[in-house]
Structure formats: C-alpha cells, structure tokens
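K.L.:
To start, I am sharing the structure in question, which I have written as structure tokens.
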Amino acid sequence: TKAVFHIKKKHGRVKPPVSFSFIPQGHSTFIHWQLKYITVIILYLLFSSGNIIGSGIFISPKGVLEHSGSVGLALVVWLLGGCIAALGSLCYAELGVTIPKSGGDYSYVTEIFGGLTGFLLLWSAVLIMYPTTLAVIALTFSNYVLQPVFSNCVPPYMATRMLSATCLLLLTWVNCSSVRMATRIQDIFTVGKLMALGLIIVVGLVQIFNGHYEALTPQVAFSLDRVPSVGQIALAFLQASFAFSGWNFLNYVTEEVVEPRRNLPRAIYISIPLVTFVYTLTNIAYFSSMSPEELLSSNAVAVTFGEKLLGMFSVIMPISVALSTFGGINGYLFTSSRLCFSGAREGHLPSLLAMIHYKNCTPIPALLVCCAATIVILCIGETHNLINYVSFINYLSYGVTIAGLLYYRWKKPNLYRPIKVNLLVPVCYLMFWALLLGFSLYSEPVVCGVGLVIMLTGVPVYFLGVHWKEKPKCIYNFIGEFLKNGRSKHFICIMPSLTFLMFDF
C-alpha cells in the first residue's frame with residue numbers, strides 16, 4: 001500500500017509530495033521514503049553542467065602537469081581521463097536500470113555483496129569522499145577570492161580556512177532552510193563556471209589564432225626535463241579524475257529518473273564527450289598563454305591566466321571561479337544528504353540522519369554532520385594532497401562497484417537487464433583501475449594508506465552498530481530519549497517512520 005501525503009505550508013500553498021511505500025519484510029514493516037523535488041530535466045542539467053563541470057578544472061591542471069612532466073602528456077591524461085569516465089558511466093548505466101535504487105554505488109554494492117561491503121563504502125563516503133571534496137572546493141573558493149588581494153604572495157593559511165569555513169556554514173544554513181533555495185543557487189551559480197570556462201576557451205583560441213602556440217607544438221609539448229615514473233603518471237590520473245568526479249551522480253537518484261533505459265545512456269553519450277572536449281580546450285587555452293613554469297608556480301591558475309590576457313577585466317576571472325566553486329559546494333552538500341538518507345533507510349547509519357525538518361523538509365542532521373566533518377578536514381589538509389587522498393578512495397569505490405557488475409552477471413545470469421554493456425567495458429575499466437590504484441599506493445603510500453585505514457575502521461563500527469542486534473536495553477532507552485527530546489523540545493526534525501502520526505489519513 002502506498003500513502004501519499006501533501007505537506008502544506010501556511011496560506012494553503014503545497015510543497016512537493018513526500019511519498020511512503022509500506023513494504024512488508026517478514027514480520028516487520030519496511031518504510032520506503034522518497035523526496036521528489038527535482039524533475040528529470042533539472043537532473044540532466046545538474047549532471048552535465050552542474051556536477052561534472054565543476055571546480056576541478058580550476059584546481060587539477062596544476063597537479064596533472066606537475067605529475068605528468070610535460071604539456072603533451074598532461075593533455076593525453078585529460079583525454080584518457082574522459083575515456084575512462086565514459087567506460088565507468090556505461091557500467092553504472094547497466095547497474096542503474098538493473099538495480100533501480102537511489103543511492104548509487106552504496107545501493108549497488110549493498111545489493112550485490114551484502115551489508116558489510118556496502119557499509120564500508122558508505123562509511124568512506126561520509127567520512128572521506130564528500131567532506132574531503134567539499135574541503136577542496138571550499139579551499140579553492142577562498143584561494144580565488146583572496147588571490148587578487150594577495151597578488152604577490154600566497155594567501156595566509158588562516159584567512160583561507162576562515163573564509164572556507166564561512167562559505168561552508170552559509171551554504172549549510174541555506175540547505176537546512178529551503179530545498180528550493182538550494183536548487184535555485186545551483187542553477188544560478190552554474191552560470192559562473194560556464195562563464196569562466198567560456199572566457200578561458202575563447203581567449204585561448206584567440207591566442208592560438210594569433211600564433212601563440214609554441215608550447216603546444218609536438219617538439220616542445222612532449223619535451224621532458226625529467227622522465228615521469230609510472231607512479232607519477234598514476235597520480236596525474238588521480239588529479240584529473242577529481243575534475244571528472246560527478247559522472248555517477250545521476251545514479252544517486254535513479255528512482256526519480258523518467259525512462260532510465262533511454263535517458264541514462266543519453267546523458268552519458270552527451271555529457272562525457274562534451275566535458276572531455278571542454279576540459280581539453282581549457283588546458284590548451286592555459287598553455288597558449290602560460291609557460292609550464294608559470295602554471296606550476298600559480299596558486300590560482302585561472303587568475304594568473306586572466307591577469308596576463310584580460311588586463312583591466314581580469315577581475316572577471318576570480319569572480320567567475322568563486323561563483324563556480326560556491327555552486328559546487330552547494331551541489332555536494334545537497335547530494336551528500338541523499339546518500340546519508342539512503343544509508344539510514346538501510347539501517348547502516350543512525351536513524352538521526354534520516355530525520356528531516358517538519359516544516360522545511362530538509363535533512364538537517366545529515367547536513368550538519370557533513371559540515372562538521374568538512375571543517376575538520378579543512379584544518380588538517382593541503383589542497384593537492386587532499387585531491388590524491390579523495391581520488392584514491394573514489395576510484396577504489398568505483399572499482400568495487402564495477403567488479404560487482406561482473407559478479408552479478410555470474411550470480412544472476414537470467415536477470416532481466418534493460419541495458420547490458422559488452423563485457424570488455426567493465427574488464428578494461430578494472431584493468432586500468434588495478435594499475436592506477438597499485439601504482440598510486442606505491443607512489444603515495446601515506447596519503448593513500450590513510451584513506452584505506454579510515455575505511456577499514458568501519459569494520460568494527462559495522463559489527464557493533466549494525467550487525468549486533470541484541471544490544472542492552474539501556475542503549476535503546478538512551479537513543480529513544482535522545483530522539484524524543486529532539487522532537488518534542490526543539491521541534492527540529494521528524495523521523496520518517498513516525499511521520500504518519502503527524503498527519504490525518
């Protein structure tokens with residue numbers, strides 16, 4: 001049975017519907033909760049321009065060039081990074097229509113491998129992936145805002161951290177206050193990143209047509225001062241992969257996609273080549289006006305580019321990038337709350353994270369947890385190390401998920417699959433994945449190893465918090481009293497499982 005409730009605002013206006021599906025599981029009742037706020041058209045826009053084309057293209061070029069060792073090899077890394085993202089996206093399209101659950105990697109791994117593996121993926125996402133990515137984007141925001149002020153030196157450490165934390169707290173408040181306001185910010189600030197990239201590409205092409213392409217000629221582009229090791233090339237791919245992160249975001253809301261069999265592949269075929277083309281052109285534009293040494297010495301590449309070519313209009317560049325990163329923080333905060341909700345729905349996260357504000361219908365506890373974790377990482381990490389750190393864990397989760405596709409093919413060969421990719425696609429991806437992670441771990445054992453250790457700390461947490469069912473009664477009493485006080489005294493949140501008590505049938 002499905003009961004649909006319409007939560008009314010004051011003055012009779014109605015919010016988007018919140019639906020509950022009551023699905024029996026044995027002798028218990030499983031409550032399935034869906035928040036349908038975004039139409040499929042907006043999802044495609046977020047997928048192609050709001051999530052993939054993000055702040056990474058303003059951060060990663062320096063790291064890619066530093067590890068690859070030459071302009072030509074850096075451009076090859078950007079092109080191959082797009083190809084790898086396309087292979088992964090095709091595998092995720094099959095999983096998305098075969099296991100039509102929102103939650104992305106976490107939902108697929110939980111379905112295929114069981115609770116422990118799914119929990120470890122969720123644990124790493126909540127503690128590492130989202131907070132670290134948010135920290136990197138927030139630091140980029142503060143660097144681009146402060147770079148014009150500190151034009152002759154690196155912005156002070158405390159200034160960048162304070163501004164990053166202020167931006168994060170502001171957007172957390174926005175996401176806690178209104179879903180509509182958060183999505184409006186995402187739409188408006190997407191213009192900033194498109195304006196910045198469009199300006200860089202156009203100015204770069206003008207430079208090339210005027211004959212300024214010495215650094216792009218094959219003889220110069222592939223000249224190497226030092227021959228990079230295989231491990232350094234792997235780290236260059238990790239840096240580039242950060243800019244492509246977001247190609248799997250549509251899988252987090254599969255249940256809300258209209259006709260996913262047609263629309264998921266369509267989004268992939270259009271967005272991944274487009275993003276790869278834009279990223280490659282952006283890097284070509286950088287190299288048309290900046291020497292490799294200038295790019296490596298810059299703390300804000302787009303600002304340096306603007307100062308060299310735009311003259312009095314150079315202020316446009318840091319403003320555009322700041323708008324882009326501001327929207328990127330907002331998008332990641334929005335998505336992380338959905339993942340936390342999906343985990344709480346499966347019983348893998350505390351029920352507190354499945355609570356929403358009874359008027360605004362916003363997941364306040366999940367947003368606050370993500371914000372707090374990000375502020376901690378802001379205080380202990382440096383941008384490019386954080387990128388290697390989060391990209392390693394991201395690739396690890398991608399590989400486990402795509403390995404699950406092969407295992408699911410073997411486990412359930414007769415299961416209907418509306419989309420079925422050629423086996424060469426996941427096999428090629430996993431071969432590249434194994435080489436990349438192996439050489440990355442060899443080159444940066446501390447940075448990558450810390451991520452693995454944090455992920456494995458989820459094993460005892462899983463057995464104590466999830467697998468152990470017969471806990472002492474005092475624990476349940478404490479949790480129940482805590483949730484009761486949160487509802488009755490502060491009127492902040494309501495549990496999905498108790499929502500039906502709040503409304504008339």
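Each Cβ is built from the backbone N, Cα and C atoms, and glycine gets one as well.
Okay, so TrEMBL annotates it like this:
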TRANSMEM  37-59  transmembrane segment
TRANSMEM  71-92  transmembrane segment
TRANSMEM  113-138  transmembrane segment
TRANSMEM  158-176  transmembrane segment
TRANSMEM  188-209  transmembrane segment
TRANSMEM  229-247  transmembrane segment
TRANSMEM  268-289  transmembrane segment
TRANSMEM  309-335  transmembrane segment
TRANSMEM  364-383  transmembrane segment
TRANSMEM  389-409  transmembrane segment
TRANSMEM  421-443  transmembrane segment
TRANSMEM  449-468  transmembrane segment
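Help me see these features in their spatial surroundings.
P.N.:
Remote same-chain residues near the transmembrane segment (71-92) are listed as 61, 64-65, 104, 215-216, 218, 220-222, 224, 228, 233, 236-237, 240-241, 243-244, 247-248, 251, 265, 268, 272-273, 275-276, 279-280, 283-284, 287, 292, 398, 401-402, 405, 421, 425-426, 428-429, 432 (criterion: CB distance under 8 Å, separation of at least six residues from the stretch ends).
Outside the transmembrane segment (158-176), and at least 6 residues removed from its termini, the chain residues within Cβ reach (under 8 Å) are 134-135, 138-139, 141-143, 145-146, 182, 185, 326, 329-330, 333-334, 337, 357, 360, 362, 364, 367-368, 370-371, 374-375, 378-379.
Here the transmembrane segment (229-247) has long-range neighbours at 47, 51-52, 54, 56-57, 59-60, 63-64, 66-69, 73-74, 77-78, 80-82, 84-85, 88-89, 92, 133, 136, 268, 271-272, 275, 279, 384, 387-388, 390-392, 394-395, 435-436, 438-440, 442-444, meaning same-chain residues at least 6 beyond its ends whose C-beta is under 8 angstroms from one of its own.
Sequence-distant contacts of the transmembrane segment (268-289), counting only residues of its own chain at least 6 positions beyond either end whose CB sits under 8 Å from a CB of the stretch, comprise 47-48, 52-53, 57, 61, 64, 71, 74-75, 78-79, 81-83, 85-86, 89-90, 93, 197, 200-201, 203-205, 207-208, 212-213, 215-216, 221, 243-244, 247, 295, 301, 305, 308-309.
Remote same-chain partners of the transmembrane segment (309-335), defined as residues 6 or more beyond its termini with a Cβ less than 8 Å from a stretch Cβ, comprise 46, 50-51, 54-55, 58, 130, 133-134, 137-138, 140-141, 144-145, 147-148, 167-168, 171-172, 174-175, 182-183, 185-186, 188-193, 195-196, 199-200, 203, 207, 249, 252, 289, 300, 302-303, 367, 370-371.
Beyond the ends of the transmembrane segment (364-383), by six or more residues, the same chain brings 59, 126-127, 130-132, 134-136, 138-140, 143, 161, 164-165, 168-169, 172, 175-176, 333, 336-337, 340-341, 344, 352-353, 355-357, 389, 492-493 to within a C-beta distance below 8 angstroms of the stretch.
If one looks beyond the transmembrane segment (449-468) by at least 6 residues along the same chain, the residues whose Cβ comes under 8 Å of a Cβ in the stretch are 115-116, 119-120, 123-124, 127-128, 347-348, 350, 389-390, 392-393, 396, 441.
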